[in-house]
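**Q** Sharing the features that Swiss-Prot gives for it:
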type    : residues                                 : note
BINDING : S10, S16, H17, S18, M98, W99, N100, F101 : FMN binding site
Amino acid sequence: MATILYIKASPRGERSHSVTVADAFVKAYSEANPGDVVRVLDVFEADLPAFGTDAVVARYLSGQGDPLSPAQEAAWAAVKRQVEDFKTADKYVIALPMWNFSIPWRLKQFFDIIIQPGLTFSYDEQGYHGLVTGRPVLVSYARGGAYPAGTPAEGWDFQKRYLEHILGFIGFTDIRSVVVEPTLAGGPDTAQAKRAEAVEQARRMALEF
């Protein structure tokens, strides 16, 4: 039995193109794998731990083996719980809209919490090494415009490029993608057609996940 962590990074609910496609993927996967478990983490609804002064100081002090204050202990323990919750999954699905050419701030906050030395990556004289390995991830991207590879517009895409880089940094090598674009620039008819195509693609991909 495998566990999927489904991370929703859009606050738009059913109106979200990225969530609609990811939902279709998860539904098709669950129908094909009824014994597996799907856990949903909506980063806009979740009570994510604050990564403020106490947590930041605790990160450095703990790395040096120095004692922590009670507040620092509590803040760092909350971070480690979030990391362990993330790492207990066997597979991952992410619904991700583009905001200002990048990713929503709540997902960035989530990554800032879980990407920690000794927990999700390590480093030595040879460089950095991801610690979250051997697990596939499916990302459903939605963008208002179109950013095709090999065009000048590709340089504006800090959504897909960032996510693939940060996931690769912590060890992911099997990163699969479904992209819905454009959801705004082409008008509503184009958006609906592109979403329908992406939903069908996601359903097919779910059978091999």
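Each residue, glycine too, has its Cβ placed from N, Cα and C.
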**Q** By the DSSP assignment reduced to helix, strand and coil, which category contains W99 (FMN binding site)?
**A** strand
**Q** Could you list the residues of the same chain, at least six apart in sequence, whose Cβ is under 8 A from the Cβ of S18 (FMN binding site)?
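**A** The list for S18 (FMN binding site) reads A9, S10, A95, L96, P97, S140, Y141, A142, V180, given in order along the sequence.
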**Q** Counting other Cβ atoms within 10 Å of each residue's Cβ, which of the binding-site residues S10, S16, N100 comes out lowest?
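**A** Sparsest of the binding-site residues S10, S16, N100 by Cβ contacts within 10 Å: N100.
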**Q** I'd like the Cβ neighbour count for F101 (FMN binding site), meaning other Cβ atoms within 10 Å of its Cβ, all protein chains included.
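**A** Within a 10 Å radius of the Cβ of F101 (FMN binding site) lie 15 other Cβ atoms.
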**Q** For H17 (FMN binding site), list the number of other Cβ atoms lying within 10 Å of its Cβ atom.
**A** 26
**Q** In three-state terms from DSSP, label S10 (FMN binding site) for me.
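**A** Note: S10 (FMN binding site) is coil by DSSP, not helix or strand.
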